[in-house]
Amino acid sequence: MHSSALLCCLVFLTGVRASPGQGTQSENSCTHFPGSLPHMLRELRVAFGRVKTFFQKKDQLDSMLLKESLLEDFKGYLGCQALSEMIQFYLEEVMPQAENHDPDIKEHVNSLGEKLKTFRLRLRRCHRFLPCENKSKAVAQVKNAVSKLQEKGVYKAMSEFDIFIDYIEAYMTMKTQN
């Protein structure tokens, strides 16, 4: 078992343990989740701010990668799946490649990835925010474009990470209002 998967399992199991006379920590954290959302998004933005200039300078493409269609998927019935797929895409495909582009930014990209993993873990604990199964065409288009662009695709995806955070915020705002 990979050490990161083992760590996630341990964190999950620790959060599930019931406190005497109370619901689980997971249930309690879910009631506070909407209130902690602005702080979590701010942490993502601050972490991205440490690498934003590097990747935006390297991004030589004029086209947008994260288009309005992705935001519409986030806001529509595919919102859950689009969010889940995009988080997975950044964690498994974009960030591992981005870490290898410059030793000076590796630590910062890694930190950004850890914050995104923590965010995903909290979303999964609170099932009403991430209960999904369907696939998003907009996410498939983003993945396809990055794959075709190769190294330039990594720069593009990382340079637009702030847009991704904005889309997360739009999705979470919609979910907390429902």
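Cβ from N, Cα, C; glycine included.
Swiss-Prot has this to say about the protein:
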type     : residues : note
DISULFID : C30-C126 : disulfide bond
DISULFID : C80-C132 : disulfide bond
CARBOHYD : N134     : N-linked glycosylation site
SIGNAL   : 1-18     : signal peptide
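Structural mapping of features recorded in Swiss-Prot.
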residue: C30; record: disulfide bond; Cβ neighbours (10 Å): 17
residue: C80; record: disulfide bond; Cβ neighbours (10 Å): 21
residue: C126; record: disulfide bond; Cβ neighbours (10 Å): 18
Secondary structure at C126 (disulfide bond), reduced by DSSP to three states: coil
Length of the line joining the Cα atoms of C30 (disulfide bond) and C80 (disulfide bond), in Å: 17
Residue pair C80 (disulfide bond), C126 (disulfide bond) - Cα distance, angstrom, rounded: 12
